């Protein structure tokens, strides 16, 4: 053992040497060649921590391979095991083997190492496809079927599913109206956008994405009911608009875990701003021309707000920080206040009428 290891207690060094050697339950140096390869380190971490991304294992190995021989000798392995960034990131190793406070020279490099091994790219590594990533596809198929069946029945189904401000007490209408659409262009426009935006969300957040969609739909109805006493609402646009802001919420809450968060942020900010500007100018043009618009711009706003707030609350936050916990709590309070406020107002207006 080199001189830099002499400050450590003799029993502690013996314990690390035991972990390093083969023929024990840890078996870090499994081939007993006095060195630890990337594959051996991967197996050691997997046995003690569960799955560890290959990128993290390679980064750890590279950071502590001082002589760049692509192997860790015992001194390099010892540096890895006592580094605060490693012990704080891999909690099981820290709690089972490491009861040692590292010297300041090691502690100074811990922040840089922790950023390398625990943050960037973790969000992308969560992308998967399973039975929970088909929610938006199933919903889109149901919407298409409902549209053509309703058209064959001369829109008889719509009388029981569309949202109407005069029938706001029929609570199922706050959700079922997303199955109705005014035209094929309206239908397939919404289906295309909700698949483009919704499927990438489902690959990380699974069933939570459908919750965001339905929350956007309910939010659109509540705003529509407040703004208009005698208006009907059909189409999945409020749910679609909730996806725009949900993507923005994901970037904020997983900023350090994304490989290119600025790119994500810029793209969805542009989409949101473009959509808002487009709706505004369409509204102004129709007002100037005396055209009665069938587009509910307020319901779009009603979908954006809960999409953002509920996105912060229910969508996955890969690694939570103190600031993100504060943002989460604040979002819960704001969403509850807005929901209660709009519900109470609608109930009050219903009794007054």
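From the backbone N, Cα and C atoms, a Cβ is placed for every residue, glycine too.
On a predicted model such as this, the values are computed, not experimentally measured, just so you know.
Summarising the annotation, TrEMBL assigns domain 'EF-hand' to 52-87. Across the domain 'EF-hand' (52-87), DSSP helix (H, G, I), strand (E, B) and coil residues number 24 helix, 1 strand, 11 coil.
Look at TrEMBL and you will find 132-151 (among others) tagged as transmembrane segment. Cβ atoms under 8 Å from those of the transmembrane segment (132-151) belong to residues 157-158, 178-181, 184, 187, 190-191, 194-195, 198-199, 202-203, 206-207, 209-210, 213, 236 of the same chain, restricted to positions at least 6 beyond its ends.
The feature transmembrane segment is assigned by TrEMBL to 209-227 (among others). Cβ atoms under 8 Å from those of the transmembrane segment (209-227) belong to residues 135-136, 139, 163, 165, 168, 173-175, 177-178, 194, 198, 201-202, 233, 236-243, 246, 296, 298-307, 310-311, 314-315, 339, 342-343, 345-346, 349 of the same chain, restricted to positions at least 6 beyond its ends.
According to TrEMBL, the transmembrane segment annotation covers 233-255 (among others). Sequence-distant contacts of the transmembrane segment (233-255) (same chain, at least 6 residues past either end, Cβ-Cβ under 8 Å): 123, 143, 158, 162-164, 177-178, 180-182, 186-187, 190, 193-194, 197-198, 201, 204-205, 209, 212-217, 219-221, 224, 261, 264-265, 268-269, 271-272, 275, 296, 299-312, 315-319, 324, 327-328.
According to TrEMBL, the feature transmembrane segment maps to 262-283 (among others).
Under the heading transmembrane segment, TrEMBL lists 295-315 (among others). For the transmembrane segment (295-315), the list of distant contacts is 201, 205, 208-209, 211-212, 215-224, 227, 231, 233, 237-250, 252-253, 272, 275, 279-280, 282-283, 327-328, 331-332, 334-335, 338-339: same-chain residues at least six beyond its ends, Cβ to Cβ under 8 Å.
What TrEMBL records for 327-347 (among others) is transmembrane segment.
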Taking every residue in the domain 'EF-hand' (52-87), what is their average pLDDT?
-> 82
